[in-house]
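**Student:** Have a look at the structure that comes next, please.
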Amino acid sequence: MPKNSKVTQREHSSEHVTESVADLLALEEPVDYKQSVLNVAGEAGGKQKAVEEELDAEDRPAWNSKLQYILAQIGFSVGLGNIWRFPYLCQKNGGGAYLVPYLVLLIIIGIPLFFLELAVGQRIRRGSIGVWHYVCPRLGGIGFSSCIVCLFVGLYYNVIIGWSIFYFFKSFQYPLPWSECPVVRNGSVAVVEAECEKSSATTYFWYREALDISDSISESGGLNWKMTLCLLVAWSIVGMAVVKGIQSSGKVMYFSSLFPYVVLACFLVRGLLLRGAVDGILHMFTPKLDKMLDPQVWREAATQVFFALGLGFGGVIAFSSYNKQDNNCHFDAALVSFINFFTSVLATLVVFAVLGFKANIMNEKCVVENAEKILGYLNTNVLSRDLIPPHVNFSHLTTKDYMEMYNVIMTVKEDQFSALGLDPCLLEDELDKSVQGTGLAFIAFTEAMTHFPASPFWSVMFFLMLINLGLGSMIGTMAGITTPIIDTFKVPKEMFTVGCCVFAFFVGLLFVQRSGNYFVTMFDDYSATLPLTLIVILENIAVAWIYGTKKFMQELTEMLGFRPYRFYFYMWKFVSPLCMAILTTASVIQLGVTPPGYSAWIKEEAAERYLYFPNWAMALLITLIVVATLPIPVVFVLRHFHLLSDGSNTLSVSYKKGRMMKDISNLEENDETRFILSKVPSEAPSPMPTHRSYLGPGSTSPLETGGNPNGRYGSGYLLASTPESEL
């Protein structure tokens, strides 16, 4: 070997030496394969495996334990949507009947695609950008779109954590500040705040004290300084949790992932002891079978599956990329999916038990108010006392007695009944009142807690649970942004993470204006849903139809040590893409039929009114959707016309202390990397120097001294099975 060879330098120096694959293959003497990651197939598989594992440990951080990893995936997938969105959808879409479409879609879409994301992340050991570049370079834009969607979601999601922080600190009071309407003085007269009197104490506190909301999205109203401060605290917490990557976030997960289950268990026990809890639970599990055939219910169930498991965000891929390659990700997919579904059902039980209690309280209040109306009509002779059954006692009026009296009056005074203004006070009506999203947590649930003994304690526990649920999801969301960017562009981890948090805080000021809640609705309901669905479809297509389902199944078999069920083959290949295509079509049609809008709080009316987004807001919404999906066609076009390299001609090898490590350099001729990095045997044939025999993947090398069943490529030059070497 020439004395000035870089490989010779490697023998006498501990410094990195980099040379192209072309130069490497042109050397006159063979490399010391036994001390190299590039090995001859005859080397014992055990020694090579040890070298691979050592290289993995040096190149990429790893979870401290399997428990830490599982808790991280649970913390990311189990979020605020499990606490309020899933119960709301159950309430809205037929109670127990909603569980049928949700379970069906979880099995045929959710679990297979969750397993797919876990597998590709663990197999390729890169973030979303690197993973989809490896699977299909022309669809490498999927990873960039995932990062953008994560950014959109993180911007408003942390605002919700800020709201929870505000309520958390307000809970250290007795009585709770939202338990009664404020009293204002008008001269010498004290009167109840009109807006609160028309609505309720909890509704007033949410819209006026917390959000100080404007009447429409067009009325900015300036920044809400209280929520701005809470948003700063929220981003500070998230920044500290993720600044060191999984070394810091992994430790946080032990508390943030487990604490919510302690609180849910306490609330379930307390809720079941409440009067009326059984009414709420029975209402939840009583199925309305006609809802099962409603396409809208199936569309909402599919969307909930995507958001519940975190599909398409990149966080699942990022977390699994820190696993060892022999980790059983199939078991992880089943376990996390089950825990996620179990958590949703548990939260729904808690919510309906508490709402059943609240419904009974509100029903009794309705009976008292309407009984006073009837007494007033009796005293003014509007109604005859003969209409009142003799056993009715107004001092201890039951719901049953009131209903009997109500039916008699309605029958006798049929023509004048509507003028009396009496309400039926049915428990079912109270239970059927759907409170969506944040309203369920910050209005309905907080109102129910005001009737609990020791209500501040329960309020502190509840909002601390929301903070931890949100924190777990935000850690995964940030990983979906930082991991692929750091992997791809090699930016400093701490500096980039802090920069992301600072940038997101300033952009997030949009959501802490007085009109900020309406922008949260825009981002939550519309801006992420369509791009996310498209991302998941393309992920499925990239693996199942471009990379190849059979090839992927074979690599999973090698990685896991067993062959996954054929069920996944058919789901990935046919069923899941078809279902998601139908879902996307239905979502587009829905947007066309029903223009996007939001529920605005009108101060003068002290009530909500549904408004459509104005033209400028529609333009912003369309821009957000385009920005989130634009990287996919841009990268496809650039790589299709060779305007952007796919990286196949830019690899070199660098050496240090007898070990070869991949680096990036310029290699523009002959594309010799296909000999070593070929993923498909047909890509291998190319002329080789006669003194060094290489017959392609699966061939036999003259240098081979024995079989190596553990090698990925059989014989010849054997590349370590860490997929990052193939990028």
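Every residue gets a Cβ built from N, Cα and C, even glycine.
Automated prediction, rather than curation, is the source of TrEMBL annotations.
Residues or ranges marked as transmembrane segment by TrEMBL: 69-87, 99-120, 141-169, 225-246, 258-278, 301-322, 334-355, 457-483, 495-514, 526-547, 567-593, 613-638. The Na(+) binding site annotation in TrEMBL covers Gly75, Val78, Asn82, Asn340, Leu469, Ser473. As annotated by TrEMBL, region 'Disordered' applies to 681-727.
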**Student:** Find the member of 457-483, 495-514, 567-593 that has more C-beta pairs under 8 Å to the transmembrane segment (526-547) than any other listed stretch.
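**Tutor:** Comparing 457-483, 495-514, 567-593 against the transmembrane segment (526-547), the winner is 567-593.
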**Student:** For the transmembrane segment (99-120) and the transmembrane segment (258-278), does the number of C-beta pairs under 8 Å, pairs 6 or more apart in sequence, reach 3 or more?
**Tutor:** no
**Student:** Restricting to CB pairs under 8 Å, which listed stretch, 301-322, 334-355, 457-483, is in contact most with the transmembrane segment (258-278)?
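**Tutor:** If we count Cβ pairs closer than 8 Å to the transmembrane segment (258-278), 334-355 scores highest.
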**Student:** Please identify the stretch among 225-246, 301-322, 334-355, 457-483, 613-638 with the greatest number of Cβ pairs below 8 Å relative to the transmembrane segment (69-87).
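**Tutor:** Most Cβ pairs under 8 Å with the transmembrane segment (69-87) come from 457-483.
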**Student:** Any chance you could find the range in 301-322, 457-483, 495-514, 613-638 with the most Cβ pairs under 8 Å to the transmembrane segment (141-169)?
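**Tutor:** Ranking 301-322, 457-483, 495-514, 613-638 by Cβ pairs under 8 Å to the transmembrane segment (141-169) puts 457-483 first.
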**Student:** May I ask whether the transmembrane segment (301-322) has at least three C-beta pairs under 8 Å with the transmembrane segment (334-355), counting pairs 6 or more apart in sequence?
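**Tutor:** When sequence-distant Cβ pairs are counted, the transmembrane segment (301-322) touches the transmembrane segment (334-355), since at least 3 lie under 8 Å.
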**Student:** Counting Cβ pairs closer than 8 Å, which of 225-246, 457-483, 567-593, 613-638 has the most of them with the transmembrane segment (495-514)?
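**Tutor:** Checked against 225-246, 457-483, 567-593, 613-638; highest Cβ contact count belongs to 225-246.
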**Student:** Would you mind checking how many other C-beta atoms are within 10 angstroms of the C-beta on Gly75 (Na(+) binding site)?
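**Tutor:** Excluding its own Cβ, the number within 10 Å is 28.
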**Student:** For Asn82 (Na(+) binding site), what is the tally of other C-beta atoms lying within 10 angstroms of its C-beta?
**Tutor:** 26
**Student:** May I have the list of same-chain residues other than Gly75, Val78, Asn82, Asn340, Leu469, Ser473 whose Cβ is within 8 Å of the Cβ centroid of the recorded Na(+) site, in sequence order?
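**Tutor:** Residues close to the Na(+) site, other than Gly75, Val78, Asn82, Asn340, Leu469, Ser473: Ile74, Phe76, Ser77, Gly79, Leu80, Gly81, Ser257, Pro260, Thr343, Gly472.
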**Student:** Cβ-Cβ under 8 Å from Leu469 (Na(+) binding site), same chain, 6 or more residues apart: which ones?
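**Tutor:** In sequence order, the residues whose Cβ lies under 8 Å from that of Leu469 (Na(+) binding site) (at least 6 apart) are Val78, Gly79, Leu80, Asn82, Ile83, Ser256, Pro260.
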**Student:** Near Ser473 (Na(+) binding site), which residues of its own chain have a C-beta under 8 A away, given they sit six or more steps off in sequence?
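**Tutor:** Long-range Cβ contacts: Gly75, Phe76, Val78, Gly79, Leu80, Tyr157, Gly310.
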**Student:** Taking 10 A as the limit, how many CB atoms besides its own sit near the CB of Asn340 (Na(+) binding site)?
**Tutor:** 25
